[in-house]
Every structure is written in C-alpha cells, then in structure tokens.
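Notes for the one structure printed next.
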Amino acid sequence: MSESTLRITEIFCSLQGETRTVGLPTVFIRLTGCPMRCVYCDTSYAFSGGETVGIDDILAKTAEYGAQYVTVSGGEPLAQKNCYELLTRLCDEGYQVSVETGGAMDISPADSRVSVVLDIKTPASGELGKNRWQNIDYLKPDDQIKFVICDRNDYEWARFKMEELGLAHKVNEILFSPSHKQLKPVELANWILEDKLQVRFQQQLHKLLWDDEPGH
Ligand code: SF4
C-alpha cells in the first residue's frame, strides 16, 4: 500500500498567535489550497504551489521542533482528504492537536481528540454562502468557534448567530477577532464590553510581533 501524502506549503514552529493556546510554542503544518477567497485572507500564498510530502516525513519534521502543540492550518486543510489521517497520526504521537478550518468542509471525520477551530464566515468576509452549517451539529466542548469581524454589521450578525445556534452551549470558546486593518481592535473590544458578551476577544499575536513575516 502506498503511503498517504499531502500538499504542504510550510512547516514551522512559532508562538501560537490566536485561540486558547495563544503564546505557546506550536508547530504549524500549513496545507496548500483553499476553496474560498475571503476578502481579508492573509495566507493567499498557500492557495497554490507547495510540495507533496508523505505523512511519515511530516511527522518526522514536526518532531524536530520538540513542541507539545501542533496546529494544522492552511489554506483550508480539510480540503485534502488525507488531512483526517494526519490529524489522527499526530494525536497518536501524543501532541495536543488543533485544526483551523474555514468552515466550508465537513469536520465530522476529524479525530475526536483534535480541537477544531471552526471559522464562521461573516457577511463582510465575502464567503458567507460557503458556511457548512451542518458542522454545528458535530461540535464538541473542546472545539473553538471563531468569528473574524470586519465591521459593526458583522458584529451584530455574529451576536445573532451565537444566540440563534446556541453556540455558547456547544463549545467552551467563542473567539471574536477584529479583521486586521479593517476594524480597529479597540472598537471591537468596546462593543464586547458594552454588550457584556461572553466571548474571548483576540488579536493575532504573530501580527503584533512579526507583522506577518513568513514563517511565523
Ligand atoms: S478560508 Fe482561510 S485560507 Fe481560505 S481564503 Fe478564507 S481566510 Fe484565506
């Protein structure tokens, strides 16, 4: 049987820039390709190119960094079906694994040990129509839901969706991020406080530290 492979853009170690493990040394495995085109995308370099790598080699490269946390990202990692196998293999190795998905693909085959960071695309992302709403049924408490907020309308929409879908009862972490250079972080912070919204405000640490330099 031939070994499973994946198209990979980069593997590197940095500090986790967001989610509940922010600031922790983490290996990032960035898979190539994405079926979406969000207006604020900061990883368009992962839309194409990359190299084909066997899962054994991905695991070997990951181990070199000696980190406990691994994040599988993209692009859209779940657009490659072998990603589900990679997630399971990483869990078997004993890593704390998360996968960052844009929300258009099916999360149900993902290993239950993985924390799924599920984006819900807002109206101003330009990709509202791609949200796969069936994913909400497969969320578990350890997963995380992320809204990237571009403007006040997005904020109101995200609040409404939280309520409508009962998201606070599905996961322990709901993350609100201001879209970089589109919405002032302090505006979003003030809205959350004014409304006593029970969400985690987050600002991407890697952008503050390295201003989007590749490899972070
Ligand atoms: S889903 Fe993520 S990688 Fe894909 S276009 Fe949107 S922001 Fe970029």
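Glycine is no exception: its Cβ is also placed from the backbone N, Cα and C atoms.
Curation does not apply to TrEMBL; its annotations are automatic.
As recorded in TrEMBL, the features of this protein are as follows:
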BINDING   Leu15, Gln16, Gly17, Arg30, Ser73  substrate binding site
BINDING   Cys34, Cys38, Cys41  [4Fe-4S] cluster binding site
BINDING   Tyr40, Cys41, Asp42, Gly75  S-adenosyl-L-methionine binding site
BINDING   Thr43  Mg(2+) binding site
DOMAIN    21-212  domain 'Radical SAM core'
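Annotated features, which come from TrEMBL, shown on the structure.
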residue: Leu15; record: substrate binding site; Cβ contacts under 8 Å, 6 or more apart: Val22, Gly23, Leu24, Pro25, Thr26, Leu205, His206, Leu209, His216
residue: Gln16; record: substrate binding site; Cβ contacts under 8 Å, 6 or more apart: Val22, Gly23, Leu24, Pro25, Thr26, Tyr69, Thr71, Leu205
residue: Gly17; record: substrate binding site; Cβ contacts under 8 Å, 6 or more apart: Gln204, Leu205, His206, Lys207, His216
residue: Cys34; record: [4Fe-4S] cluster binding site; Cβ contacts under 8 Å, 6 or more apart: Cys41, Thr43, Ala46, Phe47, Gly74, Gly75, Glu76, Ala79, Gly102
residue: Cys38; record: [4Fe-4S] cluster binding site; Cβ contacts under 8 Å, 6 or more apart: Gly102, Lys121, Ser125, Gly126, Glu127, Val148
residue: Asp42; record: S-adenosyl-L-methionine binding site; Cβ contacts under 8 Å, 6 or more apart: His180, Asp212
residue: Ser73; record: substrate binding site; Cβ contacts under 8 Å, 6 or more apart: Phe28, Ile29, Arg30, Leu31, Thr43, Val99, Glu100
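The Cβ of Cys41 ([4Fe-4S] cluster binding site) has 17 neighbouring Cβ atoms from other residues within 10 Å, across all protein chains displayed.
Comparing local CB density within 10 A for the binding-site residues Arg30, Tyr40, Gly75, the maximum falls on Gly75. Confidence annotation: the domain 'Radical SAM core' (21-212) carries a mean pLDDT of 97 in the model. Highlighted in sequence order, Met36, Arg37, Tyr40, Thr43, Ser44, Phe47, Gly75, Glu76, Gly102, Glu127 have their Cβ within 8 Å of the centre of the Cβ atoms of Cys34, Cys38, Cys41, the residues recorded for [4Fe-4S] cluster, and are not part of that set.
For Thr43 (Mg(2+) binding site), the number of other Cβ atoms no farther than 10 Å from its own Cβ, over all displayed protein chains, is 18. Checking the binding-site residues Gln16, Gly17, Arg30, Cys38, Tyr40, Ser73 against ligand 1, the ones whose Cβ sits under 6 Å from it are Cys38.
Residues Ser14, Glu18, Thr26, Phe28, Thr71, His206, His216 surround the recorded substrate site, their Cβ atoms falling within 8 Å of the Cβ centroid of Leu15, Gln16, Gly17, Arg30, Ser73, which are themselves excluded. Same-chain residues that are not part of Tyr40, Cys41, Asp42, Gly75 yet have a Cβ within 8 Å of the Cβ center of the S-adenosyl-L-methionine site turn out to be Cys34, Cys38, Thr43, Ser44. Considering only the residues assigned to substrate binding, Leu15, Gln16, Gly17, Arg30, Ser73, the longest pairwise Cα distance works out to 15 Å.
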